[in-house]
Amino acid sequence: MTILNHTLGFPRVGLRRELKKAQESYWAGNSTREELLAVGRELRARHWDQQKQAGIDLLPVGDFAWYDHVLTTSLLLGNVPARHQNKDGSVDIDTLFRIGRGRAPTGEPAAAAEMTKWFNTNYHYMVPEFVKGQQFKLTWTQLLDEVDEALALGHKVKPVLLGPITWLWLGKVKGEQFDRLSLLNDILPVYQQVLAELAKRGIEWVQIDEPALVLELPQAWLDAYKPAYDALQGQVKLLLTTYFEGVTPNLDTITALPVQGLHVDLVHGKDDVVELHKRLPSDWLLSAGLINGRNVWRADLTEKYVQIKDIVGKRDLWVASSCSLLHSPIDLSVETRLDAEVKSWFAFALQKCHELALLCDALNSGDTAALAEWSAPIQARRHSTRVHNPAVEKRLAAITAQDSQRANVYEVRAEAQRARFKLPAWPTTTIGSFPQTTEIRTLRLDFKKGNLDANNYRTGIAEHIRQAIVEQERLGLDVLVHGEAERNDMVEYFGEHLDGFVFTQNGWVQSYGSRCVKPPIVIGDVSRPAPITVEWAKYAQSMTDKPVKGMLTGPVTILCWSFPREDVSRETIAKQIALALRDEVADLEAAGIGIIQIDEPALREGLPLRRSDWDAYLQWGVEAFRINAAVAKDDTQIHTHMCYCEFNDIMDSIAALDADVITIETSRSDMELLESFEEFDYPNEIGPGVYDIHSPNVPSVEWIEALLKKAAKRIPAERLWVNPDCGLKTRGWPETRAALANMVQAAQNLRRG
């Protein structure tokens, strides 16, 4: 029984983000469709070859996407919203781009499909839309074309296909409501056709992804698996693939399916390998997801060997990445600025392929010497002074319940704040950032590259902050911000100023479409060596009599948008960050900053996949925020900002944050989000976003007034603030001025009654 290795998918964007550049060039009309397609072909060929050279036995095909793999699956099934269709009913790459971004070089612009987080990762997918009575047919043959491409290059391939039930689960019904699961029988013939085409090409195994099987699915959805897979069996061998959590709770459903193998995530799941082996049919192949596909740490291969060795020789076995390597940067070898010790702790996608090859060789031969050699740096890390800071660990251990409590309840604080700030009814503010103009980005880049000295850089930033204050005073806003000209990214900026973080040069991962992010890496205990935001906040406040908000990114968001350590809990990391930022709150307060905003946009997206695990996460997530904020005096007003569309199920936790003011994204939902705050009888102040900053459209005074009146029907007017949905970083100044002027005017009209 020879053990093979495989990956579940590989990063698409290219080492130098070639895909991003090709997409954006094509969208801008600067290159042809054929030039774009050629870049895709070149990247796929390179990535297959790189995986093969690293020792991967079975190469994934179908993991490449022009925008997103869920959207690719939608097109494969002929699921194109009416507003995005070509007049002749054909489907081409521009159809795909119209769904993803609302427009393409050809065809009529139309509202893009909704985008949301892929399970609990920082990748986003395009939500499939379902309407009653829609038809499905094979219309987009990208998967088959790419299989032909890989076979022509002589590769041993394993096509990757998103499974039918997970695809339906991820979608939403539009218009007249019906049960989307009722579409299952309509899409299965298309899946059968695709599998038949793959069988014709001599394909032995197909990886069929059903990550929905790690969720707490309703019984009707679990019951749908057996008839669905009865319909799909028989043409090729199916590797039922799950990830991001364990499968034990749904194992009875899984073991009844007519598939030939199962992939499990043994990194993020709590499944016991020996127990799985006992419960799976004896003729099934088990694909063990042992190498973490969504973090950057080198694996302790000796540990992985021990984890799996008891079932070697007892059943067909493959070793694999836990999930697609899509969530990992591509290649560590091009990182030239990391010091040797820290670099030796990491493994990016290509290094993870090498880890799989080493592990596979050792399991086949029984010789573990190479595993011990590979694992030595990560074992040595456990004792590194770069990792452990006794002062931080001591401070964390000394936290008491008192450290997460403000001195007084909201009602007492609100009175002190009213006396201090004397704000009018319907107070106006913005969320934090102002347009990041070319001048600002050039200034930061020149400084980073060493083309500009520190004095000239600081003079330039100071001028942009001064302009932001002047603009806001001219517009008549009540609570101002400094505009964040000095910040490249709301997480990276703080990571750069905290001990315990490192940064890469090319550690890009895809967020959605052409957007890539370069997350910081938490390598050790987190502390704050010096104040971070105080100087610029103090400078901005010195130029106006109106209050200027201090702006911090909250501990849970910094954690969720970074690559975390694996040797301590996420709770520990979040609380260490909270303690560091608690000192920042105290310093801002001492510098005369009376309103401090702590953004937590990621609080909800950090939720575990299983509801049964939510309470524990929310408990420490809320506690981290409160540790961060609780040092503030009664007359210091703490704001928080959150931007997502679902509050109902976590309202208790939102209230437990005990922020004096929460600003939220509500304009796109026409204030419907406020329903949860009304039903909960949310006690503190709320700023429902009155216009969508993701659109260049300027809202009218009347439109904003109408939204605010609607809000006042749900929340008492004396507790309402007036603000945009989100930061204004991505907007231009002309539309920003126009929109804010209308927003201020609407507030003034309401004050006059």
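Using N, Cα and C of the backbone, Cβ positions are placed for all residues, glycine too.
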Going by the L-methionine site in Swiss-Prot, where I431, G432, S433, E484 are listed, which of the candidates D310, D316, D599 is also part of it? D599
Per Swiss-Prot, which one of K117, K422, K709 shares the 5-methyltetrahydropteroyltri-L-glutamate site with R17, E18, L19, K20, R515, C516, W561, E605? K117
Between R17 (5-methyltetrahydropteroyltri-L-glutamate binding site) and H694 (active site, proton donor), how far is it from one CA atom to the other, in Å? 24
Max CA to CA distance in Å over the L-methionine-binding set I431, G432, S433, E484, D599? 14
Can you tell me which of the recorded positions E605, E665, H694, C726 is spatially closest to S433 (L-methionine binding site)? Compare CA atoms only. C726
How big is the Cα-to-Cα gap, in Å, between K117 (5-methyltetrahydropteroyltri-L-glutamate binding site) and C643 (Zn(2+) binding site)? 13
Where does E484 (L-methionine binding site) sit in DSSP terms: helix, strand, or coil? coil
What residues, ordered by sequence, lie under 8 A Cβ-to-Cβ from C516 (5-methyltetrahydropteroyltri-L-glutamate binding site) and sit at least six positions away in the same chain? V13, R17, K20, W508, V509, Q510
Rounded Cα distance, in Å, between E484 (L-methionine binding site) and C643 (Zn(2+) binding site) is 18
Candidate nearest E605 (5-methyltetrahydropteroyltri-L-glutamate binding site) in space, where candidates are the recorded positions D599, H641, C643, E665, H694 and distance is Cα-Cα: C643
Check the Cα distances from H641 (Zn(2+) binding site) to each of the recorded positions L19, I431, D599, H694 and keep only the ones within 10 Å. I431, D599
